[in-house]
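Undergrad: Can you read through this structure? Questions will come right after.
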2 protein chains.
Amino acid sequence: MKELQERIIRDGRALSETVLKVDAFLNHQVDAELTMKIGQAFADLFRSEKVTKVLTVEASGIHFALATAYALGVPFVYAKKKKAVTLSDDVYSAPVYSFTRKENYQISIAKQYLSAEERVLIVDDFLATGAALVGLTQIVADAGAHLVGVGAVVEKSFQEGRGLLEKAGVRVESLARIKSMKPGEIHFVETTPVHTS
Amino acid sequence: MKELQERIIRDGRALSETVLKVDAFLNHQVDAELTMKIGQAFADLFRSEKVTKVLTVEASGIHFALATAYALGVPFVYAKKKKAVTLSDDVYSAPVYSFTRKENYQISIAKQYLSAEERVLIVDDFLATGAALVGLTQIVADAGAHLVGVGAVVEKSFQEGRGLLEKAGVRVESLARIKSMKPGEIHFVETTPVHTS
């Protein structure tokens with residue numbers, strides 16, 4: 001998605017070779033119009049899959065899930081994050097390890113909102129280690145639902161998330177794939193390097 | 001908002017005189033089309049105020065903030081919740097007491113995304129005790145920005161939130177105002193009582 005890549009160049013900040021700040025327009029302050037276009041892009045990529053439900057995890061996936069679900073004309077569900085591991089018969093849950101915070105947490109979804117008949121599209125803001133997204137795919141499998149794929153707004157292609165998902169047979173679509181970066185420089189997959197200020 | 005009230009009657013569940021579950025369509029599973037209409041309703045109510053930024057708090061306010069910001073053609077910012085009280089020169093923050101979880105937490109916004117020139121509309125899913133919303137108004141005041149008002153999707157009018165905000169001179173607009181409820185019965189302000197199954 002060209003507009004997104006240009007925006008990452010303009011307003012994103014590579015703080016290191018692994019940390020990209022996009023809180024000016026994607027995950028703290030949010031460009032509402034760009035977000036709706038991102039949802040439209042995911043909808044276009046997966047429209048033929050007859051998606052019945054979009055799935056994401058709180059908090060930074062929620063606005064992209066709304067935009068995607070609205071463009072597809074379906075509802076979305078956001079998994080809740082909890083620190084304590086509380087088991088319940090009413091929820092599907094999966095453990096997730098956060099590399100950013102160096103701690104385990106649990107994501108969960110009320111069973112009544114994910115049935116075996118669903119055709120599920122998972123979306124999130126980042127695909128990096130894939131931890132949260134792999135957790136979501138486990139929940140879809142537990143529900144016996146059909147996973148049509150994963151849509152990530154920004155992919156750190158130098159990390160293992162895409163590989164993990166593809167090895168599990170999951171279709172992965174990312175709107176901006178970062179091949180490598182360092183302060184002042186961001187390279188996308190299959191594009192010429194672009195220098196930032 | 002008639003469609004919202006009808007939906008609360010149909011799919012909401014009053015678990016007690018104070019607890020309303022709307023996780024079938026507002027804050028776990030989410031009706032994307034209804035959410036966009038809710039954003040349009042807030043935009044219509046506050047359009048003459050020349051809003052420059054919509055403000056909410058993660059997680060359950062995010063989709064309503066996107067819908068409202070998109071309808072107004074402005075960006076939105078969502079405050080982050082943190083348990084630990086960490087002071088920083090780079091953020092505006094406010095303490096919030098959660099009556100649901102019986103614990104204190106902190107909400108914060110990067111200073112660079114809220115300047116004194118902004119005309120801010122705050123939106124959230126619920127207005128009950130007003131704790132989180134009062135915290136957001138404090139952040140707007142700290143930034144020296146102008147608060148045009150607060151929009152709540154669902155208001156528990158029997159709790160003190162609206163009173164607290166109005167006493168501080170804040171305009172409050174709620175799309176569904178619940179006067180009282182108990183299992184099987186939900187009464188809205190200025191409407192005839194409606195019985196639910």
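Using N, Cα and C of the backbone, Cβ positions are placed for all residues, glycine too.
Note: TrEMBL annotation is automatic and uncurated.
Feature annotation from TrEMBL assigns xanthine binding site to A:L20, A:N27, A:K156. Per TrEMBL, the feature domain 'Phosphoribosyltransferase' maps to A:33-157. If you look up TrEMBL, you'll see A:A128, A:T129, A:G130, A:A131, A:A132 marked as 5-phospho-alpha-D-ribose 1-diphosphate binding site.
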Undergrad: Give me the long-range Cβ neighbours of A:N27 (xanthine binding site): same chain, 6+ apart, Cβ under 8 Å, in sequence order.
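TA: Residues satisfying the criterion: A:S60, A:D125.
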Undergrad: If you count, for each of the binding-site residues A:L20, A:A132, A:K156, the other Cβ atoms lying within 10 Å of its Cβ, which residue has the minimum?
TA: A:L20
Undergrad: Quick check for the class: what is the C-alpha distance, in angstrom and rounded, between A:T129 (5-phospho-alpha-D-ribose 1-diphosphate binding site) and A:K156 (xanthine binding site)?
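TA: Here the two Cα atoms are 8 Å apart.
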Undergrad: Sequence gap of 6 or more, Cβ distance under 8 Å: name the residues on the same chain that satisfy this around A:A131 (5-phospho-alpha-D-ribose 1-diphosphate binding site), in order along the sequence.
TA: A:V96, A:Y97, A:S98, A:F99, A:G161
Undergrad: Using DSSP, tally how many residues of the domain 'Phosphoribosyltransferase' (A:33-157) sit in helix, strand and coil.
TA: 43 helix, 48 strand, 34 coil
Undergrad: What is the interatomic distance between the Cα atoms of A:A132 (5-phospho-alpha-D-ribose 1-diphosphate binding site) and A:K156 (xanthine binding site), given in whole Å?
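TA: Computed Cα spacing between A:A132 (5-phospho-alpha-D-ribose 1-diphosphate binding site) and A:K156 (xanthine binding site) is 14 Å.
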